[in-house]
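Visitor: Below is a structure I'd like to ask you about.
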Amino acid sequence: MSSFKEFKIKWGMAIDLDKCTGCGACMVACQAENNIAPQPDASNKLKSLNWLVVYELTNGKSFPEHEVAYLPRPCMQCGKPSCVSVCPVIATDKNEEGGIVSQVYPRCIGCRYCMASCPYHARYFNWFDPTWPEGMDKTLTPDVSVRPRGVVEKCSFCHHRFMQAKDKARVEGRDPNALNDGDYITSCTEACPNGAIVFGDVNNPAHKVHELVKSKYAFRLLERLGTDPQVYYLSRREWVRRLGDNYLENEKVKG
Amino acid sequence: MDKNYDLPIDAALFPEGCTRCSLSKFLVWITIVMAVFGWGLYAAYRVLAEGLGVTGLDDYFGFGLWITFDLAVIALGAGAFFTGLLRYILNIDPLKNIINLTVIVGFLCYSGAMLVLVLDVGQPLRAWFGYWHANVHSMLTEVIFCITCYCLVLVIEYVPLILEQKQLNRNKLVHAIAHNFHLMMPLFAGIGAFLSTFHQGSLGGMYGVLFARPYIARDGFFIWPWTFFLYVLSAVGSGPVFTVLVCTIMEKMTGKQLVSWEIKSLMGKIAGTMLTVYMVFKLADTWAWANDILPRSGLTFDQVFYGWIYGKWLLWAELFACGVLPAILLIIPSTRNNRTLFYTAAILDCIGVTINRYVMTVQALAAPVMPFDTWETYAPNWAEWGASAMIMAYAALILSLSYRYLPVFPQEVKLNK
């Protein structure tokens, strides 16, 4: 297995599941921002493209103890991504300051090995050619490339926004490698009506996310598998945190 | 010279001293084969023209029937490299009587797998990126390198057999080339054994390295997860008897004895020995997986099985009915020399390795890893079955032509006097 790089800047998310209502605004914003084509028939959810999916979690109890929570799942931008080392053609890499796992569409051969490796199902395949209804092509985000059929794609933490934020900093004479909190946020972060998603540099104490990920209610998905995700979740509810990882019956939940 | 008009019209092309069915009978058979091939060709066209969306694959099951088919035929095609190793490097001379068939079966398995891969990758025109942009950390890169190189080796091993065709071989140059190819065969057998061992292993390694998929993740030795070694062993434990089964099917269809029982029994002994070694390690691996990897991942043994479709019966069938049982039947001389038990063991052995490749490919992807995720099921659709059937038809076509016109079986004349 290849060695994994450490980064000075680590873009990450803290998603407060107690604030999330499952409205799906993040999913819609992501679709529009990242030029994900609408599908004529999206009834098969296992063949529909969504870089970010909101899962419904339940505590499994019946009324009146029944509770639900909603969990938005973007790409975890893992610190030790299982997908990067397996790609035979280096179409996906974790090599840029900021720690975002890239996906190079013109390089991808569509073998789907990365999809098999990802336990979060964060990777999606273009089963058909993307088509936009008449006129809708005018709504495409100019900085985001569209993808042909036969390649894998995934959440990029709106990487084009990262580039724009760095460009803006350069124009304003600031250091592009020392962006202020809020200079660069993803479209899902921006769209969330409840402010459940907080985005920033996990390593930077000036960024709000830095504090949030240290919370005793913070956890990451499937932490024990060693993928080291850069997406954190927060919940005061123990049953929610317990659903963040696989626990044996006698094991205690984190937090 | 008087012509014998009772002979088939293409009799001049038959191997020396061999008889074959009439050309019309042969063409009826070929027509049936080509009908299946045509169906598969239509499926292939639809896949290439419209995209992989026409298959039953989806975002949970990026690998399905085709990858299972590939892994299974590559394992079963291992008879070629292993028999080649034993015949040319270790000088087990009697194997010369079946080596031609192992080469053809190996060539068909590997070229067939590559044809399927053309359909299975989303961007087949970028297949060469595997060489150009190779990621040396990926087991799949190693698989791409070795499978393509080994397929070339199999072509080189197959060519002299074609050149030995009775009419072709009358040409002095062709005869000399064929002869020289034969002299070089130990070299290619060695290269083939090296390449094949590594990619059989890397196919297993491909799964074992998926550390975030507890169903298939394995610890290992240095950079190689245990599945690397298990795949090599299971391939050499099943490939030789698969060749014997192909031979026996050909015997049933042609009504002739093509390879003597002693040779088949020897192949069974070789496979049985390797299968026994494999089963020892496979059982140990399964134990370690259930008692270490799964609990370490927060999972129990029961959690990685689901209903009937991904039930424990598959594991028990793989390990015992199609693993331990055929291993015992093949290594004990008395059971091995009982033909019914021998063929039963051979069939079970091949089913066992196929189940292994299936569960490692499909069940591994079906098993949810996130606790709130759900089990999903996969069933291949007509396009996947069609394309797979096309490969089977392709194999039947090449085998039929090879049997009819090439000197594949050195013992045929003697055994059918």
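Note: Cβ is positioned from N, Cα and C throughout, glycine not excepted.
Note: TrEMBL annotation is automatic and uncurated.
The following feature annotations were taken from TrEMBL:
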- B:26-45: transmembrane segment (TRANSMEM)
- B:65-86: transmembrane segment (TRANSMEM)
- B:98-119: transmembrane segment (TRANSMEM)
- B:139-163: transmembrane segment (TRANSMEM)
- B:183-203: transmembrane segment (TRANSMEM)
- B:223-249: transmembrane segment (TRANSMEM)
- B:310-332: transmembrane segment (TRANSMEM)
- B:341-365: transmembrane segment (TRANSMEM)
- B:385-406: transmembrane segment (TRANSMEM)
Visitor: Thinking of Cβ pairs under 8 Å, which stretch from B:98-119, B:183-203, B:223-249, B:310-332, B:385-406 has the most of them with the transmembrane segment (B:139-163)?
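Guide: The listed stretch sharing the most Cβ pairs with the transmembrane segment (B:139-163) is B:183-203.
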Visitor: May I ask you to check whether the transmembrane segment (B:385-406) and the transmembrane segment (B:65-86) make contact, with contact taken as at least three Cβ pairs under 8 Å and only pairs 6 or more apart in sequence counted?
Guide: yes
Visitor: Other than its close neighbours in sequence, what residues sit by the transmembrane segment (B:26-45), given a CB gap under 8 Å and a spacing of at least six beyond its ends?
Guide: 8, 20, 119, 382-394, 396-397, 400, 404
Visitor: Where else in the chain does the transmembrane segment (B:341-365) make close Cβ contacts, counting only residues six or more beyond its ends and a cut-off under 8 Å?
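Guide: Cβ under 8 Å, 6 or more out: 60-64, 67-68, 71-72, 75-76, 204, 207, 210, 213, 215-216, 227, 234-235, 237-238, 241-242, 244-245, 248, 264-265, 268, 271-272, 275, 304, 310, 314-315, 317-318, 321-323, 325-327, 329-330, 335, 378.
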Visitor: Among B:98-119, B:183-203, B:223-249, B:310-332, point out the range having the most Cβ pairs under 8 angstroms from the transmembrane segment (B:65-86).
Guide: B:98-119
Visitor: Other than its close neighbours in sequence, what residues sit by the transmembrane segment (B:310-332), given a CB gap under 8 Å and a spacing of at least six beyond its ends?
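Guide: Same-chain residues near the transmembrane segment (B:310-332) but 6 or more away: 237, 241, 268-269, 271-273, 275-276, 278-279, 282-283, 286, 341-342, 344-346, 348-349, 351-353, 355-356, 358-359, 363, 366-367, 375, 377.
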